[in-house]
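Please read through the structure below; I'll follow up with questions.
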Amino acid sequence: MADLIVGIQWGDEGKGKIVDVLAKDYDYIVRYQGGHNAGHTIVVGDKKYALHLIPSGILTSHCINIIGNGVVIEPSALIEEMRQFGGEQALLGRLFISDRAHIILPFHQELDSSLERAANAIGTTKKGIGPCYTDKIARIGLRACDVRNFPAQRESIIARLQERVRTLKESNILDSSLEELVQASISSLESAHTILSPFITDTTSLLWEAQAQGKRILLEGAQGSMLDIDHGTYPFVTSSTTIAAGSCAGSGLAPRDIASVLGIMKAYCTRVGHGPFPTEDGKEFGALLCEKGAEFGTTTGRKRRCGGFDALAARYACRLNGCDKIALMKLDVLDGLEEIAVCVAYQYQGRKITYVPSDLENATPIYEILPGWAGESSKGVKSYDALPTNAKAYIARLEELVGVKIAMISTGAERSEIIYRYDCAI
Ligand code: IMP
């Protein structure tokens, strides 16, 4: 059976840290959607690792790491990331890439950047994610199996590339010439073939086999539920299914293979890029969260928008994902506050609602004020009982509002700064 970890907010909840601390209990760690738009920062001792495509299980030596078919891969970004862990030789047998995963090519990235110059920009990471998924859905994308077969099928692949780039050039949206874009794509495919081929395989069969042997599998979501292509704040979303349902499509496992779902949420909210964010605080509170929480993107370095906890968005996301339990992250960032505002309802079309509407931009938050624990600290606390009384009350109120038990509480960036409640294995 497989367990699943998903982001409950707008991404950057701290999924990487939780995967990292739980990895010891698993044999396989699987990424199943998104691409190098994702960014997980993991702190181990005095070393800080930035992961974008490689599953967070890479830091646990016995774990096998899988980049599933639902992921979109920019080869040079992956190769660069592999270097942090000793490069190809060190990773053989520990990292596998689905032969069905789609490949991000240079024109996807240029297209993403060009579209972001338009008035209706999304605030994307400009990594080519949306354009690559567009090609996947349009059934004209290139996959990792094409990377592996590149020398044998060179002519037909180049013909496909030329056709795609020609169509894009006709819309006058790309600055580089057709020749430049095709040549850059060929170079990318050539180096990808040389370096990545030994890692490319049928990861669906690999996972089925692992499952048959009773191996323990952990699926690692990227981004957050509020960025889901269907259920998020469309169009200000990413281009994949970020909720639990995407884990099967993106890995080849079946819904009945999923044993449990752990949702990850911060004790407050953040978002990068444009789009509705009801509890965003452009004043002192938001600035304090940003500074204390070091809320800057791992991938783009952008300053994250910050605000109070949105219980409606979290409850909505927990229902979408079927969360069994929650890990609450960055509780310590709220240390020092006299009181903490939590969104418990929205004002929407002249009335008070307690659901998430499809046009969230028209909702304004209604807050409940909870007492803070100024003068006491949760930083680095490792047992629930040792938390300040009001911090425990805050956690209890979030559980009540969201409707799911909080099983883990993170009180700092370090692996060890974590509280386990109930049974910690999800
Ligand atoms: P894209 O995924 O680059 O197309 O960006 C679409 C939206 O998702 C933008 O608002 C991005 O800022 C946001 N986004 C993408 N990946 C992440 C992530 O890992 N964390 C937080 N936001 C993300």
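Backbone N, Cα and C define each Cβ position, glycine as well.
Small disclaimer: the values here were computed from a predicted structure and weren't measured.
Feature table excerpt (TrEMBL):
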- 11-17, 39-41, R304, 330-332, 410-412: GTP binding site (BINDING)
- D12: active site, proton acceptor (ACT_SITE)
- D12, E13, G14, K15, N37, A38, G39, H40, T125, R139, Q223, T238, R302: IMP binding site (BINDING)
- D12, G39: Mg(2+) binding site (BINDING)
- H40: active site, proton donor (ACT_SITE)
- K136: active site (ACT_SITE)
What whole-number distance in angstrom separates the two most remote CA atoms of the IMP-binding residues D12, E13, G14, K15, N37, A38, G39, H40, T125, R139, Q223, T238, R302?
34
With the Cβ under 6 Å from ligand 1 as the test, give me the qualifying entries from the binding-site residues G11, N37, T125, Q223, R302.
G11, N37, T125, Q223
Suppose we draw a 10 Å sphere around the Cβ of the residue listed as 'active site'. How many other Cβ atoms does it contain, all chains included?
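Its Cβ has 19 other Cβ atoms within 10 Å.
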If you count other Cβ atoms within 10 Å of each one's Cβ, which of the binding-site residues N37, T41, T125, Q223, T411 has the most?
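Within the set of binding-site residues, the most crowded position is N37.
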About how far apart, in whole Å, are the alpha carbons (Cα) of the residue listed as 'active site' and N37 (IMP binding site)?
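Rounded to the nearest whole number, the Cα-Cα distance is 17 Å.
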Please work out the number of neighbouring Cβ atoms within 10 Å of the Cβ of K17 (GTP binding site), leaving out its own Cβ.
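Result for K17 (GTP binding site): 26 neighbouring Cβ atoms inside 10 Å.
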Would you kindly give the Cα-Cα distance separating T125 (IMP binding site) and T411 (GTP binding site), rounded to the nearest Å?
28
Between the Cα atoms of N37 (IMP binding site) and L331 (GTP binding site), find the distance and write it as a whole number of Å.
25
Could you round the CA separation between R302 (IMP binding site) and D12 (active site, proton acceptor) to a whole angstrom and send it over?
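R302 (IMP binding site) to D12 (active site, proton acceptor), Cα-Cα distance: 12 Å.
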Tell me which of the binding-site residues G11, G14, G39 sits in the most Cβ-dense spot, judged by other Cβ atoms within 10 Å.
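Sorting the candidates by Cβ neighbours within 10 Å, the top entry is G11.
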Which one of the recorded positions (H40, R302) has its C-beta surrounded by the most other C-beta atoms within 10 angstroms?
H40
Which of D12, L331 has the fewest nearby Cβ atoms, counting only those within 10 Å, among these recorded positions?
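Checked D12, L331; of these recorded positions, fewest Cβ neighbours within 10 Å: L331.
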List which of the recorded positions G39, H40, T41, T125, Q223, L331 have their Cα within 10 Å of the Cα of D12 (active site, proton acceptor), in sequence order.
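Those close enough are G39, H40, T41, Q223.
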